[in-house]
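Sequence annotations record features per position, and here Swiss-Prot assigns transmembrane segment to 22-42, 46-66, 88-108, 121-141, 151-171, 174-194, 223-243, 252-272, 276-298, 342-362, 369-389.
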């Protein structure tokens, strides 16, 4: 009877999970489309420094960090669906600020300020979206399949980066920054329409500790996740300028290589954290990420840099679900949304801090040096993971 019941209910649950993941893909294009364009816009069109490029990219993630606690409480207390849909709306509003930056006849400083406002709104929306969809998906398929939920969401996120990066550069080069802004306004509305009828899941009853008390349970996997995040942050922030400084074409396809390898790994091996546990998977993944970043650092030509980006994407792919499985094991169900929000915040902090610091490093030592810094961070991540879980 149990087997029959599982066969009856698993396909609908998986289909609902697919709908949620596809909506994440559409909404996260608001991150993927402008990611390679913003450094070029800030550096070449507005005339600001590499440090300001890092701030423009990284400040989104600080906004995400600061609203993770709110997103987790919203998902836990009022329902994950509300959090996810609210995030989609905010991501669409970010495009409106960028449209103003593109069209208003104002100074470069005002345009930069409007760009920053849009990035802050996008960061707020991202925290609601990702915390909501993760908690929503686990409510649909159960915590025993938490690795699958995180894998599907990750495929959607990095699939959006893979598709969005070259598309964003194409839109910007042919139609300008205003067209890019309009596109980012429209995609979350499509996601809302596609996802709005998916059933909501009830909030869990029970005592709800604060985010900071939950952090005490999750900081070890969170630290490993943060050190992993440096690699993606330096690629996302400086790969366009790195390629331009070397006279290489296809900068947008570097993020496609990263995202494509990321998604492929999730598709082929996303089951591994649930099957083998997160620690072993995380250590191997960090080794692969290290190799990819070293290849980017030493790349003498564009195609080798593309291979390095793909290796980095393959390495980063399974780390979030691998260490996330350890998070789910450590917390009660009624604070799962808060815990996942806090866990993801470690990665957001990494992204936010890396941008400006890598900008200073790039100015002093050249763009290639930021990839060496990412590789060293991944090595430290391996050591931290081994030491943190050595008794497990």
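Any Cβ shown, glycine's included, is placed from N, Cα and C.
Since this is a predicted model, take the numbers as computed values, not measurements.
Sequence-distant neighbours of the transmembrane segment (369-389) (same chain, 6+ residues past either end, Cβ-Cβ under 8 Å): 220-221, 223-224, 227-228, 230-231, 233-235, 237-238, 242, 279, 282-283, 286-287, 289-290, 293-294, 296-297, 308, 312, 315, 323, 326, 358, 361-362. Remote same-chain partners of the transmembrane segment (174-194), defined as residues 6 or more beyond its termini with a Cβ less than 8 Å from a stretch Cβ, comprise 19, 22-24, 26-27, 29-30, 33-34, 37, 41, 45, 85, 88-89, 91-96, 98-99, 101-103, 125, 168. Same-chain residues lying 6+ beyond the ends of the transmembrane segment (121-141) with a Cβ under 8 Å from its Cβ atoms: 13-14, 16-17, 20-21, 23-24, 27-28, 30-31, 59-68, 70-72, 74-76, 80-94, 97, 148-150, 152-153, 157, 188, 198-202, 328, 336-337, 340-341, 344, 348. Sequence-distant neighbours of the transmembrane segment (342-362) (same chain, 6+ residues past either end, Cβ-Cβ under 8 Å): 49-62, 64-65, 68-69, 72, 123, 127, 130-131, 211, 214-215, 218-219, 221-223, 225-230, 232-234, 236-238, 241, 320, 323-324, 327, 369-370, 373. Just going by CB pairs under 8 A, the stretch in 88-108, 151-171, 223-243, 276-298 that sits most against the transmembrane segment (46-66) is 223-243.
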